Structure formats: structure tokens, C-alpha cells
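Copied over from TrEMBL, here are the features:
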{"type": "SIGNAL", "residues": "1-45", "note": "signal peptide"}
{"type": "REPEAT", "residues": "158-191", "note": "repeat 'TPR'"}
{"type": "REPEAT", "residues": "267-300", "note": "repeat 'TPR'"}
{"type": "REPEAT", "residues": "301-334", "note": "repeat 'TPR'"}
{"type": "REPEAT", "residues": "335-368", "note": "repeat 'TPR'"}
{"type": "DOMAIN", "residues": "520-662", "note": "domain 'O-GlcNAc transferase C-terminal'"}
{"type": "DOMAIN", "residues": "779-898", "note": "domain 'O-GlcNAc transferase C-terminal'"}
């Protein structure tokens, strides 16, 4: 009933800002030309057609250009050199390797040569890319020559002369620099940054008077332009400084002021405003700014990327993808955009598509984040080994803590637990504030995981996660679950109650709170909590594919039949969707994938293959009941398989079923939600009027066809496994509770499911025997001498102990299933009141197979209480019931496993 331990994979999300940070950093660098001079960086049009794959290296693309040149196809050769140059330059930006930069320079020059040979004047913005790279390579003279070539080809371009002046300035060639600064100002006297650079040059020469003269010239230009004194370039720089510092309101102010300056109304300013509004979550303004940027430069891919970010953040995935795809059309090497496409598909649960684009992002950028998210989608598709490989690549590229956490989870999934724990520890050592890592480590160290960890180690890890992130719901639920495993229910309730004080909206916390209150018999605010539970489940079904209450659990709650049915339908749809997603990708364990899609013609000469699917082939009541079931199958007619959807817990039941009963026990299985055609029950447990075999009314729980067993739906192994109980008889009462003076003379009611009190108060000398776990702290209203607590024990001793009782008081909303069977095998009558749902009719179904034993099933709660009191006061009637139950145990169909 309680939340299972959670060890979720974590996506690498550097946050909305970081997804645009690549573009933002690019703009910041791009808007800061040498010596803060001018914007002279090239933004290309849509990549021209070069007949090589987009993932080809710069060398491969350049060689294709040479091949086309030799074939006389100069125009297409030029496109290949363009692609080669751009690719090499990007590779240099990512790796800082000068070899790639040299390749870029050579490719650009080859393209220019080809263009001039076919009478095309190279674009100034393209020419301007070469000199900065040559300067970085230390090829200063070649950089000078490159600027001279650009000026010869574009003699009226003031920006080219200004940037050439800046290059000469950096090389210490002051007189030549002054010459070209002045030439640029003569061509365009409004280039404010040139005045600043020229004044700086004179100050470096020690000529302060000339520096002041330049400043005076700038002031005159400013006044003439009615400027506030700051150029748009200065304002832009100040805006970028504040943007990078996270001061978005201040950045907006400077960018807006820059727009009003001469030259300031350009695509770069509008793009940066789009970023500002994105971080301020002013979505309409952000979209408008990006659109304005594209009006100025329709081929500026970063603006499409920005628009995609806005739509992705707002979960408008179709428009996000539309703009991301426009980005990569303009820029086929935009690794960040391929990454975002992948994350959108992940959010849409389309992991096959996510893998395609995350893999492409990883191939281009080799970034740790891309490998992490690629691993998440591979694991979601069941490709655990490939996911592990991707996580290891992420760790090798850049050891982000998310990579260690996800890797540990994946390793645990395939049984490499020692390695998983070591990896998880490395993750938290790398980042001591990584709460998710401590949560994963805690889950791996839980004793129930069988990894050799201890309760104290797991508890410490969970508590550390909650210290770092007090509202971390998964860690809260995991800590509470650990305490439940240790029977510390009150402590678990305190943990969840504390978490709800910080977050009273999370449905998972409310569900755990509700469960734990029931477990410790805290019925305060019951009606209010029950109403809130129903509302919460309805909200979850409307907004999330996952629910906090599973269909089987729902039958244990006093909620409407309609809500129970809707919960089951919701889970069915989710199971079908997941099944379709992993259809061709699910990795298998010991026994393979469970696939029911294949339809074969009936062949009487061939054995029928029968598969049993369960998550309870482990230490669980189901396995306790069916442990010898499979031995009764006719192996000449049937071939038996067992598919476990839970890990091997090493229990005797799992071993017996795997090695002795079934052909093989697979570690995983899946089937689509609508693949189950029939529901096996009996007419007492699921009457036709409840099953709705003739229609679908408000009380209908099932849409499957009912297959009614002639006697009881439930089988058990008691006759084989516990026949000695009949031979030996129950334990003497003195051995059950030797210190209790009333036990031998009183009526003993037993309940190993829940607590019953009212009946005991009305039967003098009666006692109630209940199951009490080691750390239970139940505050009951009965005097201590009227309440006998019995600890957990093994199956044989439990049956012997139970046989000392007089009457089993069944729980009404969710009957005893295995407990009822145990009681009847021990010779103890079971008093029950059947409800509407199958879970509340199991005891009535089992008890009905004992003939001439009246009054064991009554229709109302009032009659239930009255019958228990009457039987307690009339010992002779109770003894008669007990005698009839014990005499029929070997004959009743309930215990006839073979039948």
C-alpha cells in the first residue's frame, strides 16, 4: 500500500537559461569585437548544397570541394569550402585546437579564390572572419594582408578600415593604425567606438593632448546626434554585462536605450532583448523580440532557437519543434538545438525520436549533458546496456553528478550492485550538495535491495538528501518507505507530516500520509481526508499519466466504484502506451520478452504454452499460496513459463518456483493494457450483477469477460504444505500466551489484519489477539488484559497459533485473503460482511465452501457486530461452528489444489 522506493533517472537540465546560454555566450563574444570596436561577424544564409553528409568533418568536406573544382563545378565547390570553413571554425571553438582553425582559414581562402574565379565578389562579413583567426594563430602579417584584401574588394566599407586599424593597433603599428582609424571616420563620422579606440591609442603613446582632442571630436558628434553620450555599442556592452550577471531588469534598460541610438535597431539587440524577456518569463515580449530580430536578419538561426525555447518551456511542443527544426536547417551543426529537440521528444515520451537527436547532439558536441539525456531515453526504451555506455561517456567527457547518479541506477537494474554503489558514492563525493545522488545512494543501500547495505546507511543518505533539499518528495517517500520496512510506522508518519508542512500540494505525499494514518489507526479528520483523496485522484488523472494509487490498492479504499474503475482504466491506457513505446526495444533477462501478440492456429498435437506473470514471485502471500501449483499441471499437455516483473529476492519461494516448478523465470515482462480478455473469479466473489456481464452500470467494475471457477477463484497449497497442522492440532492456549490468566477460560477473537475493539467490550472475559509488529505503537482503548499482541512468525507457527482462537473477525473493506485461508485451515470460523468489490467478498467466497456452517457471512455491519457478540456469549454455538469447519478441511474444494 505504501510508496515504493524511487530511484528515478535525472535528465541533464542546465535550466532554461543554460539552454540558451550557448547562443547568449556566442552573442556576447560576437558583440565584443576587438577593442570593442564594431559588429563585424558573419551570419550566413541557409547552408548551400554541398553533396556530403552534414556530419562530415571539415577535411572531408574540403576534399569534396577540391574534387568538384577539378571537375569544373566551381560554384558547388565554393559551397563545400564554405561548409568546410564553418565546420572547422566551430570545431576550433569547441576544442581550442589551432589545427582546426588553420583548416578553417584555408577553406575560407579557397572559397574566396573560387568565387573570384567566377566573378563573385566575396562578402565582407565572410572576409572579416579570417583576420581574427590568423591573429590567434600568430600569423600577423597574413592577418594584415587579409584586411588589405578586404579593403581592396570593399573600398567604401568604413567598418573594414576600422577593424584593420584595430588590428594594426594591437600589433603596435600606431601610425598605420591612426591612418586607418581616420579613414574609417572620414567614411562614417558616427562610429563612436573608433573615436574611443583612437583616443586610447594616443594615450598609449603618451600624447594626452591628442587623446583629448579625439574625445572632443566625439563629444561634438554626440551633440550633433542629440545623443545622451553613450553609443549604442556601449549600451549594448553594458546590457550584455548585466545579462551575463543575471541582472535582467537592468539589462533590459540598456538594450532598450541602445535601440534608440543610431545603428542600434539591429537584429543582435532584439535577440538579446528576447533573452532578457525569456529569463524574466515575459513570454509574449520574448517572442516579439525574437521575431523582430528575424525581421532584421531572417537567417539568424539563434532567434529561431530562442523562440523554440519559449515554446518548450511552456510545453507547446509542436511549435517548439517547428522552430528548432528551422534552426538546424540554417545551422546543421547546432548541437545545442539538436539537444533541445531531443529533450522535447523526451517530454513527449517519444524516446525513439529523442535518441536520434540526442545522439546527433552528442556526435557534434560530445557534451556530457547530451550523453546523459541520451542514456535516459535509451534506458526508457529498455536498452539498459547502451544507456550505461552513454553514461560512462558522459563521465569521461565531464564528470557531472547526474551522470554518476543515472549510471548507478542503471547498473543496479542489471544486478551490478557493487559497481552501482561505488558509482553513486563518487557522484556525491564530486558534489556534496547533490541531493538526488544521496537519494539514489540511500535506495541502493536499503537492506531490501540485497546489496549488502544497512538500514542506518540508507537512512543517513536519505536524511542528507532532505537536509540539502527539504522539499525533495522522492527522498521523503523513500525515507518513509525505509521506516515502514523496519516497522517504524509512527516515525514514517512523522517524516511525511513534516514534509507536508513544506509542500501540502504534492499528491504522493498526501497518499503516503493517508496510508500511514490508516496503518497507525489514526482516524482523525477521516471524512475530510477521504474527500480530499478523491479530488486529488481526479486531478491527477486529468493532468498526469501516473497516479499515486494503483488499481489493486484502490480496492482497499472507501472510494466510489466509479473512481475505482476509472483508476483501472487510466492505468490500462498508460500500460498500453508504454508497451507500444518499448515494443521493439525491450531488453530481456533470464527468460526473454513476454509477447502475446503472436496468434497461432490450434494444434492438438502440440503442447500448450502457459505463462504466469506476476510481481509476487518472491517472499509474498501469493507465492506462499501457489508454491506447488505448477507441479499439478499435466506436463504432457502444457508447457509452463513464469514471468516475474520484480527482481529476484533470493527467497525460498522464488527459488522453488524458478527451479522446480516453471521452465524459466524471466526478469521482466510487459503486455498492453487491453490484452487481458478474461477475469477469473467465482460467483460468490464477483457476482454477475457486480461484474456487469449484461451491461455497464454505475456499479460495474470490470470490462473483461468473467470466467467463473466452479467453487473458489483462490487456490492454495495448504493441504500439501501444512497437512501436519491437522494431525497435530492447534497449540494449547497456554503456549500461545502463557502469562495471560484469562486465555484458557475466555473467548478468543483473532484478527491478523487490523484492529477490532467494540465487540470485545460487549463480551465478558473475551480477548482480542492482534498482529503487532515490533515497532508498532498502537494506543488502544481496551485494557491491556483484554488485548493480546502476537508478533510476526513463520507460516507453520502462525497456523498453530491461529488454531488456538475461537473466531476470526474479518476486516470488511478489504477482506483477509491469505489470512482467511489460514484461519479456515487452522479450524477457526471467519465472520465477514461482503461488500460490493471483489476484495471485500473474498472471505465470504472462501467461507461459503463449508457446508452447514451458518452465520459466517452476514449482510450488514450491524449484524456483523451482533453476530460476533452472540457467538461470544454462546460458547456452545461457537464450538459447534469450529467443529464443523475442522471436520470439512480435507473435503472442501477450497483446499483441493489439484481440483
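Glycine too: its Cβ is placed from the backbone N, Cα and C atoms.
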The repeat 'TPR' (267-300) - residue tally per DSSP class, helix then strand then coil:
27 helix, 0 strand, 7 coil
What does the DSSP secondary structure composition of the repeat 'TPR' (158-191) look like, as residue counts for helix, strand and coil?
27 helix, 0 strand, 7 coil
So how many of the residues in the domain 'O-GlcNAc transferase C-terminal' (779-898) end up helix, strand or coil by DSSP?
57 helix, 11 strand, 52 coil
Tell me the residue counts in helix, strand and coil for the repeat 'TPR' (335-368), as DSSP assigns them.
29 helix, 0 strand, 5 coil
How does the repeat 'TPR' (301-334) divide up by DSSP, counting helix, then strand, then coil residues?
27 helix, 0 strand, 7 coil
